[in-house]
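Scroll down for the structure; my scribbles are underneath it.
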Amino acid sequence: MSSVSIMDTLSFTVLSVIFIPFLLFFLSIVLLAYIGKTVGVQQIYVDFLVKVFEYGRENLEKQSKKKSKRIEETDSEGNDEVDEVDFVTEFDTDILNESKTHSVPISSNGSISRSNSSHSLSNGSVDKKIQNGAPPLISRQDLILVPDPDQNYSGNNNVKTEGGKQILQRTRSFNTLKREFELADVLDYVKTGVEAIIEDQVTSRFEAEELKSWNMLTRTNRHYEFINWKITVIWMIGFIVRYTFLLPLRVLICFFGVMWLWICTLIVGFVPDSLGKRWLNQNLSIMCFQVLAASLSSVITYHNRENLPKQGICVANHTSPVDVLVLACDNPYALIGQRHGGFLGILQRALARASPHLWFERSEAKDREIVAMRLREHVSNPTNPPILVFPEGTCINNTSVMQFKKGSFEVGSVIYPVAIKYDPRFGDAFWNSSKYTMIQHLYLMMTSWAIVCDVWYLPPMYQNENESGADFANRVKRVIADQGGLVDLVWDGQLKRYKPKKEWKERQQEEFSKRLKVE
């Protein structure tokens with residue numbers, strides 16, 4: 001037999017054994033996405049992972065108790081030296097106790113769950129301290145070094161309701177407390193500075209969220225996978241499954257999903273502008289994004305769909321570029337942002353053919369007047385889909401909501417708040433853009449277990465009379481934080497990349513001078 005015949009036979013075998021089954025599998029995903037159904041495989045997969053995590057937690061807890069008992073026995077014998085040969089080091093049993101949580105409610109439909117019922121994570125109000133990882137070391141009752149001292153507040157303590165409107169109470173001015181300078185006057189600032197060194201409220205939001213229990217991924221350096229042979233076997237099986245089965249399958253689904261999106265948007269682009277084109281774009285867009293969501297084994301639960309945005313501006317907290325994918329699986333949106341090249345550029349050009357998205361050049365994106373004008377033009381047309389905006393301007397690590405830029409809130413349009421909360425046990429959705437590129441971020445998510453999250457559509461909000469854009473933004477941010485169980489912070493997320501603005505320092509100096517008598 002010639003070498004050509006051998007190659008032909010080999011090619012035919014690969015085609016029949018690998019490509020054709022995958023093509024049928026991909027077409028089944030497209031069909032299920034189009035009709036909005038699922039076979040529930042992802043739901044079963046997530047439920048199974050929860051049981052594995054619970055088994056691992058129980059083993060870690062037993063090992064920790066054995067270690068504590070061994071230390072007590074050693075101390076009782078009067079031996080001051082403790083054997084440190086133990087794979088579980090610096091383990092905190094309090095974290096284990098806190099980790100006894102149930103899975104995020106996911107409907108039996110599977111990957112894309114749509115619910116009209118009101119829901120709060122963990123069957124109640126989420127403890128913001130626990131959501132932020134370990135309980136905070138410092139209780140900040142009165143913030144001093146904040147961007148705007150006149151709008152200083154702590155959580156919801158300074159929010160009052162008058163005439164059915166929520167008003168953010170401002171701090172009392174020091175003009176009525178003027179006196180001679182004393183050395184003790186600087187102690188408040190020294191105290192705040194030391195607190196920031198001990199427990200910084202800002203930089204901790206740009207690191208991976210602290211887990212309550214180990215999720216069989218290499219997120220920690222405590223070598224939990226080696227505490228006993230059973231956990232080691234489970235970890236090795238999981239490693240093999242994630243890198244030899246899930247990763248290649250997800251990459252193939254993502255590749256064909258992008259190609260399918262490109263083809264669908266090309267078809268929609270040739271259709272004349274009409275109600276038929278908008279209907280076609282809405283259905284094909286949702287279908288394409290659901291296919292892409294399958295490449296991350298996404299399990300998304302939507303709540304309060306009666307508040308689904310229809311027009312105007314939709315604002316949401318920002319954890320990852322995948323936020324767009326999560327929301328677009330349930331509703332078509334127009335996107336706003338800077339033009340990109342490469343992979344993102346391909347997607348932007350494909351989407352722009354089918355729907356009125358707002359892409360800016362770098363120079364235009366920095367001009368607030370141009371952006372505001374384009375926003376007003378978009379929302380003034382009732383036939384345009386709602387425009388999706390992430391007012392934080394950067395990704396935060398799924399524990400907090402940081403300062404909302406006021407530009408989107410000064411357009412004069414209805415605002416639809418949306419809260420997004422990821423379950424960190426199955427994978428870290430946070431994109432640390434200063435550490436990882438977009439491709440690296442996608443790789444990390446594709447090698448995690450799954451992307452599991454909840455999405456809450458909140459009632460539309462309007463700017464009150466005599467309410468500034470900044471106050472309106474803070475009010476919307478507070479509602480999103482409360483629903484998602486996130487910590488509400490006043491700091492600008494751009495501190496991730498830049499030093500504090502000079503105006504902030506000057507404002508602090510001005511505020512301090514108000515305490516003193518000036519002749």
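Glycine too: its Cβ is placed from the backbone N, Cα and C atoms.
Predicted, not measured: the structure shown is a model, and the values here were computed from it.
Among the features that TrEMBL reports, compositional bias 'Acidic residues' is placed at 74-83.
The compositional bias 'Low complexity' annotation in TrEMBL covers 102-125.
In the predicted model, the domain 'Phospholipid/glycerol acyltransferase' (312-423) has a mean pLDDT of 85. For 312-423, the entry in TrEMBL reads domain 'Phospholipid/glycerol acyltransferase'.
The region 'Disordered' annotation in TrEMBL covers 64-83 (among others).
The region 'Disordered' annotation in TrEMBL covers 101-132 (among others).
Marked as transmembrane segment by TrEMBL: 12-35 (among others).
Marked as transmembrane segment by TrEMBL: 226-243 (among others). Note on the transmembrane segment (226-243): residues 52, 55-56, 59-60, 63, 87-88, 216, 447-449 of its chain, located 6 or more positions outside it, place their CB under 8 angstroms from a CB of the stretch.
Residues 22, 26, 29-30, 277, 280-281, 284-285, 287-289, 291-292, 294-297, 346-347, 350-351, 353-354, 442, 446 of the same chain, all 6+ positions outside the transmembrane segment (249-271), place their C-beta atoms under 8 angstroms from a C-beta of that stretch. The transmembrane segment annotation in TrEMBL covers 249-271 (among others).
Residues annotated as transmembrane segment in TrEMBL: 283-302 (among others).
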Problem set entry | Tally of DSSP helical, extended and coil residues in the domain 'Phospholipid/glycerol acyltransferase' (312-423) | 41 helix, 25 strand, 46 coil
